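Note sheet for the following structure.
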Ligand SMILES: NC(=O)c1ccc[n+]([C@@H]2O[C@H](COP(=O)([O-])OP(=O)(O)OC[C@H]3O[C@@H](n4cnc5c(N)ncnc54)[C@H](O)[C@@H]3O)[C@@H](O)[C@H]2O)c1
């Protein structure tokens, strides 16, 4: 999948209107808690603060695929991100990019992230020539400082643009210091714990799919292609053209 969206739009999920109406209430409550430095919260505490009963709150959050961690509760910043991404919050999400070669640098330069609420706050690479250079005003730091930088910037979202060989180690280090969402560009399957959201981008695979349909059309020119209606709609593999 090319899309970097973590989830389907709310309308596609069949979330009840009453739940949708409560999500901004939870979000406002979480904003206050995050500003007060609260890191995790139980469903009972959050329900109390939001003025709903805990069972209702758990049910509402289950529509987002969020169940919290038994005995720990919900990660306040992460839950805020999940709700915010569903209801289009204006919140700005800090992001770290690891691997500042051709791809990582192009991603760091991409202005479209800002308008979607993502701010690149840290860049990491092990190459001495790159360390200390800046990309869009953000200095490239030594990969050795990953843990310290993740802690300082409080990033929970990371982009991996390293060679395949180093990607799992980078991923493990990110997860170990609290990163909860990873967008992987390296051509390798990464393993993460179940609570971590991992998405993979594979442009080669997208081209292969296009080539497949091109080939089908060449074999049978009368057969309409996946986007023959000119809508750029989702084709049978679920990839938005
Ligand atoms: N998914 C896709 O569609 C897609 C498209 C293009 C490239 N890629 C992949 O993205 C990755 C980066 O591509 P590129 O063209 O920028 O490569 P590149 O060689 O230009 O850059 C790789 C960067 O990673 C750094 N690096 C090397 N080992 C590292 C490690 N262990 N930890 C952290 N950083 C490390 C290098 O110093 C370098 O700056 C490659 O794995 C490539 O295959 C994926």
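For all residues, glycine too, the Cβ spot is worked out from N, Cα and C.
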- Looking at 25-64, 65-104, which one is DNA-binding region according to TrEMBL? 25-64
- Task: Go through 99, 101, 104, our binding-site residues, and report the one whose Cβ sees the most other Cβ atoms within 10 Å.
- Result: 99
- Between the binding-site residues 100, 103, where is the Cβ count within 10 Å the lowest? 103
